[in-house]
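Going by TrEMBL, these are the annotated features:
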type	residues	note
DOMAIN	71-465	domain 'SLC26A/SulP transporter'
TRANSMEM	70-86	transmembrane segment
TRANSMEM	92-116	transmembrane segment
TRANSMEM	169-189	transmembrane segment
TRANSMEM	242-262	transmembrane segment
TRANSMEM	274-295	transmembrane segment
TRANSMEM	331-350	transmembrane segment
TRANSMEM	400-422	transmembrane segment
TRANSMEM	457-474	transmembrane segment
Amino acid sequence: MSASVAVYRNIYTEDRFRQTYGTEDQSRERERLRDRLAQRCSCSQVDCLHLLQKRLPVSSWLPKYKLKKWLLGDIIAGLTVGIVHIPQGMAFALLTSVAPVYGLYTSFFPVVLYMLFGTGHHVSTGTFAVLSLMTGSVVEQLVPIPLALNSSSPEAAEFEAQRIGVASAVAFLSGVMMLCMCGLQLGFLSTYLSEPIVKAFTSAAAFHVTVSQLQSMLGLRLPRYAGAFSLFKTLASVMENVPHTNLAELVISLLCLAVLVPVKEVNSRFRERLRTPIPVEIITVIIATGITYAFSLDSKYDIQIVGHIPAGFPEPRLPALETVPEIAGDTVAITLVAYAVSVSLAMIYADKHGYSIDPNQELLAHGISNTVSSLFTCFPNSATLATTNILESAGGHTQVLLAGLFTSLVVLIVLLLIGPLFYFLPKAVLACINVTSLRQMFLLFQDLPDLWRISKIDFMVWLVTWLSVVVLNVDLGLAIGVVFSMMTVIFPGVKILTYNGPIYYGNRSFFKADMTQLLGLTPERIRSREKALKAIEKREREAVSSVVRLSIHQFICNMLLKCRSLF
């Protein structure tokens, strides 16, 4: 008995079979994709160590630290920078429109955090004049203080709490923005802030800082202007109120400038010979505080003083996050400036000392620094020009990696023990420190002749950015400078040719054809251009020869006339 088997199946064409079951190549591709995903998701001990060293650079360089060779330089550099941080931190707090003690907090927490996460071995972080000025404009807009308000009243303390809440919110939002930029790998954005833009911006911002400190140096109590033309409004207000100048504060300011300017010049001129720069700022602060206390200048001559500086650490608290919608626009500009200045400084010293930095890791470092420090009533911070130069020069050629630790120790001692002793420090002294700290920014004008010879376009970018920042405002001027810089790239007609293949004798004609089509350089246009150039050269030669013939003719005539007069 035989059994029959019947098989029923669909009839496939080759294309339909591939659509239904795929091909061998697709199966292999799926397997490779699974392997790649499995490899990415797996985490070995080596991968964990590499990630830790990448995201926490201190774990990479600390085991390699040469204690005997580098420690002394780090101690000297750290102590020197810490001594400078104290007066500058309090001075830049005035620019931010908050109490001086918050400048000390901002000189402590960011230094420790950047030492852990930063990749710049010679970068000093803390308060920066330009950022303080920009943050102060935001604070003044949202929390203006009445001029008649008594500084010792409970209402003044409430206003002060609101002001530092807004400044801390700017720091918090700026840090969050940097962390998001790090997650999106946007470290390359700093390239859009070219060197002419950064230098012109900082130089112009120095004028805003100087003008804003005139009222403190003259002892005037004036409102702080913000927005477009704020520099000219402030100047007009100061000139209008010059008759009301406090003569005692004017004398203090003149004496401070007479000391600070020459000593800073000595520090600059003899930088190579001095092991450490003369700490003229802290010396001035100590002497001014002692004199004011000894002679009761605050009560006799109505001098504005710093007032109470609480000892100890600040209690952690949330910033005024309800103001985020109002400060978001200004914080974008503050974030870009902070990152551009920080990365520029880090790259300069990395190139000088032969190591490299990671721009995205710098975003992470400054993002964590601003976010965490904002929880301790700090305002926005970044790398600073003056203290970075001091750190590098005081540390010599060592890798000043642990210098941040000793810097923070100096500030910590002041916070815990010495801070209340600065009660009688005149605010005019801090204003003078602010103005004299801008010396390097004003000297950026010296680059203009070289910039004109190297690139006329970069010179125009510098000039437009500088004028925009001075005439309009800091953030608006920066935006105009960036847009103008991008326009100089777009509108000169720069053409980019992508040629997918090597260039050799076999395809030279095709490459030439593509280039001709892109540029529009047909053989006829090239020949006509060459003829025009030859015609211009011919006219120039004829003009030169005619001038020479005329000169010879005049010379012969003059000689004949002289001979004739002799006979």
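For all residues, glycine too, the Cβ spot is worked out from N, Cα and C.
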Result, the transmembrane segment (169-189) in contact with the transmembrane segment (331-350) (3+ CB pairs under 8 Å): yes
Integer average pLDDT (0 to 100) for the domain 'SLC26A/SulP transporter' (71-465): 86
Result, the transmembrane segment (169-189) in contact with the transmembrane segment (242-262) (3+ CB pairs under 8 Å): no
Range from 169-189, 274-295, 400-422 with most C-beta pairs under 8 A to the transmembrane segment (92-116): 400-422
Intrachain neighbours beyond the transmembrane segment (400-422), with Cβ under 8 angstroms and 6 or more residues off its ends: 61-62, 65, 70-71, 73-75, 77-79, 81-83, 85-86, 89-90, 100-101, 104-105, 107-108, 111-112, 114-115, 121-122, 124-125, 285, 289, 306, 308-313, 391-392
Contacting positions for the transmembrane segment (274-295) when only residues 6+ beyond its ends and CB under 8 Å are counted: 76, 80, 83-84, 86-88, 252, 256, 259-260, 263-264, 266-267, 303, 305, 390, 393-394, 421-426, 429, 432-433
